[in-house]
Amino acid sequence: MSEGELVIPVPQEWASRAKMNAAAYEAAVQRVEADPEGYWTELAQRLDWIKFPTKIKDVSFNREDFHIRWYEDGILNVSVNCLDRHLAERGDQTAIIWESDDPHIHTFMTYRELHAEVCRMANVLKAKGVKKGDRVTIYLPMIPQAAVAMLACARIGAVHSVVFGGFSPDSLAGRIQDCDSKIVITADEGLRGGRVVPLKANVDEALKECPGVTDVIVVRRTKAEVNMVPGRDAYYGDLKQGVSDQCDPEPMNAEDPLFILYTSGSTGKPKGVLHTTGGYLVWASWTHEVVFDYRPGEVFWCTADIGWVTGHSYVVYGPLANAATTVIFEGVPNYPTNSRFWEVVDTHKVEIFYTAPTAIRALMRDGDEPVKKTSRKSIRLLGTVGEPINPEAWLWYYKVVGEERCPIVDTWWQTETGACLISPLPGCTPLKPGSATRPLPGVKCQLVDADGKVLDGATSGNLCLTDSWPGQMRTVYGDHERFISTYFTTYPGKYFTGDGARRDADGYYWITGRVDDVINVSGHRLGTAEIESALVGHEAVAEAAVVGFPHDIKGQGIYAFVTLKADVAPSDILQADLKGWVRREIGPFAAPEAVQFAAGLPKTRSGKIMRRILRKIAENDTSNLGDTSTLADPAVVDDLVQNRVG
Ligand code: WT7
């Protein structure tokens, strides 16, 4: 450890309790080197297989013979692993605690009840003609039926595509069209922070552009009157009347698709990240166990929405595969008060709490009192995910929320990676505030420079993974070539994460953030291209360039440079209108913080926008804009600097 650096040692209690202590970590790291087949075979034994795999790993990251296969002759069903196998011993244990937006309303569902409900929903889907391999779009709020719908798809071999309830009708339509789903499961309305989210109305709007959708299943959440299209729409409550609570699970090959989840990249439309059955569940459940040192029956709360991968892996699949009691929280951290998180922790005796740095920073701003007035004594472990956490926020989380009792696991991963790849292990890893620390056993990280030269030792570079892990995405739905070209061609033969990182002398990784044109706003991932494409869709806009800039709470904010069509005059009204436009086109979380009207954008002579310069202007770091001599018209920069907004 370098001198003067803050390092928090592993508490004795964790060193002796944790299954993955320092010795076990070292042993696993060595074993996976010496005997990868044996190591990965053992990992698969944590699941119940109909047929245990004999072919364990078959991977090539080289374009000529590119393929990724894990456990390829294994047969299993994910819902059986998350439900049926727990029934004998834990049928009466609470599987899901649902904490509604209203702090007075919460419900509990046992494993037996969840199993029955999943089977009913599976039978309803079957009755609608859904078969193995069909795509089902799920657009639901954070209610138990969201998990039920995912598991029901898994039970019958349908491929779910969950779309976050904060996405606009247009974004929803694009996702439905891309995977060609014929069925949408939604709710009348959602409720978040006391505000209504018009989910069914959004679906109606989206479906104007999705003629292929034959059925909409509507879960009643608020019981509001909503438009129901005869022949297309039906209430789930009606459909499930008299339906059997038994449903034979579909035997699935390990490499059959489990779900698609759309995520943003630096170019083009969002990509349908496809995860398969066996490897994904092995990785989600194993990481859930070792990263959180999870024991069956403990109350685990991941605050992420199931519309993001964090919700898939750590609200639903990982915890339920491990017989957890998982909390599904419908609300927001500051409603009705900014003590809400900690009150929920106290109400349900939450032992492990996992959230995003943006939430921590927002709560930190409100001071210690809203935290300190709650007990929180049930919490043993804290986690963060989704974006870099600044040491100040880390320390506040550690000292004020965790009272210096609870280790913090800062978990680095991506939609593409399925589950955690770099993270401390509570019984093993001394912590450094702001570092995701070390790769999990079997995860092969490498830092390279812009030319792909491998960098050794303490250094900074672009983060690559040189070998596969079971939870890796397998393809971009419908566009395998895009999968290969996006992730495996920048540095041939390696998976490029899109992140930059520093590695210190102890081999700890410090993720510095995206090095591509992806922006992370409050842990929500957005492509600059997507926002630009929304902006140029507005009748007043000729051209747009979007960059991220550092934001105290959100991590990054969105800054848009817009040139208007010749006959349009800039105005404050238009500025507000454009922000609202992006909100409606993509979703509220995508609204730009700043819109600057520009006479022209800085371009090279070949017409490429120089985002480096725009980033500097957005950051208000205009003293050193670097070399502008290659610009077609260097004068535009002065104009941009002078008219900077905010
Ligand atoms: C991007 C992936 C991980 C699931 C939720 C987000 C950033 C994620 C961390 C972390 C620093 C992080 C990266 C990554 N990120 N976790 N612990 N420290 N950065 O999944 O939407 O696919 O976003 O989130 O930039 O590439 P995602």
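A Cβ is built for glycine as well, from the same backbone N, Cα and C atoms used for every other residue.
Here TrEMBL has Gly386, Glu387, Pro388, Asp410, Thr411, Trp412, Trp413, Gln414, Thr415, Arg514, Arg525 binding ATP, and the candidate from Asp499, Asp504, Asp506 in that same listed site is Asp499. Using Cα positions, the member of the binding-site residues Gly193, Asn334, Ser522, Val536, Val541 nearest to Pro388 (ATP binding site) is identified as Ser522.
Candidate binding-site residues: Gly193, Thr310, Trp413, Ser522. Those with a Cβ under 6 Å from ligand 1, in sequence order, are Thr310, Trp413. Counting residues per DSSP class in helix, strand and coil order gives 27 helix, 11 strand, 20 coil for the domain 'Acetyl-coenzyme A synthetase N-terminal' (25-82). Taking the C-alpha atom of Arg192 (CoA binding site) as reference, the shortest distance to any of the binding-site residues Gly386, Trp413, Thr415, Arg514 belongs to Gly386. Apart from the site residues Val536, His538, Val541, the chain places the Cβ of Ala534, Leu535, Gly537, Glu539, Ala540, Ala542, Glu543, Ala544, Val562, Leu578, Trp581 no farther than 8 Å from the centroid of the site's Cβ atoms, the recorded Mg(2+) location. Counting every protein chain shown, 14 other Cβ atoms lie within 10 Å of the Cβ of Val536 (Mg(2+) binding site).
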